Amino acid sequence: MPDIVNRKVEHVEIAAFENVDGLSSSTFLNDVILVHQGFPGISFSEINTKTKFFRKEISVPVMVTGMTGGRNELGRINKIIAEVAEKFGIPMGVGSQRVAIEKAEARESFAIVRKVAPTIPIIANLGMPQLVKGYGLKEFQDAIQMIEADAIAVHLNPAQEVFQPEGEPEYQIYALEKLRDISKELSVPIIVKESGNGISMETAKLLYSYGIKNFDTSGQGGTNWIAIEMIRDIRRGNWKAESAKNFLDWGVPTAASIMEVRYSVPDSFLVGSGGIRSGLDAAKAIALGADIAGMALPVLKSAIEGKESLEQFFRKIIFELKAAMMLTGSKDVDALKKTSIVILGKLKEWAEYRGINLSIYEKVRKRE
């Protein structure tokens, strides 16, 4: 178990201080153009960014996706993020709680989140491979109760597990059967999220057939977990490092993943994440088909610098989001979902090759 705790710390250290953001991959968000409206028909002061996150109202259609926890120093980061998220009315996810379920002294680094953020939605987190390894309803309930969570994320990370020195790439189909049965017993919704390589329409349809309707794309183009594990392989002299280099651009780009999930599961609740680095990125993700946008790495980096740095980061994100809403004439989040967009370049090629009819998609993304 100390290995898991140390791994959590090493992951944060590499993510924050090594070059693992984007690299040779792309979100394809540059191929999404929000159409400028020279006369928006609204004033900046009347723009309303409030929306719903399941049963709770949130101030902005942006969430902090799960990152860390497990040791005191990681708990301090979680505390800063939670305090600032509470101040801005932004949902927050925690990192995988496996370490806290199996190691009692790690629990406080997660529990602190709800203590300092009593009102915002908090999202618990466990990994899909743990279902194969024996986790069940008891562990899910423990993770939820630990932080009084409003939802629980189940993360998919096969690419990370394949290249991780101590990885457990266990994804047998009966994990989904267990997840379906567990979901019927839980009092909070399950969100299935990827970990930097995106959700395809095949995966979305498969998950939907097992009762999953909530997704977090975590697409290619943001934090590169294959690169993080490659660095860990290099540090250990592990031969997997050479192979990992060939997979640094692996995955479904964020914009493509948003389209694939929305097109294949139109009634889903969808978090668009993976390389969201600005309020404009968030606006594009929502206009393209996400319900809210999610981000992790820039939040982590700002939190490491301190509370004031993170507050300034969120102010910047919210301003940029509102600027995009103003310039598209979108007075609220529902209007942003229906705003005019143009899809160009590689994203258009991807969509057409994958059988996404753009005329039909235009109606699907607007929820018509």
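Glycine residues also receive a Cβ, built from the backbone N, Cα and C atoms like all the rest.
Binding of FMN is attributed by Swiss-Prot to THR65, GLY66, MET67, THR68, SER96, LYS193, SER218, THR223, GLY275, ILE276, ARG277, ALA296, LEU297, and the same site annotation extends, among ASN30, ASN48, ASN125, ASN246, to ASN125. The sparsest Cβ neighbourhood within 10 Å, among the listed binding-site residues (THR65, THR223), is found at THR223. By the criterion of other Cβ atoms within 10 Å of the residue's own Cβ, the least surrounded of the binding-site residues SER96, GLN97, GLN160 is GLN160.
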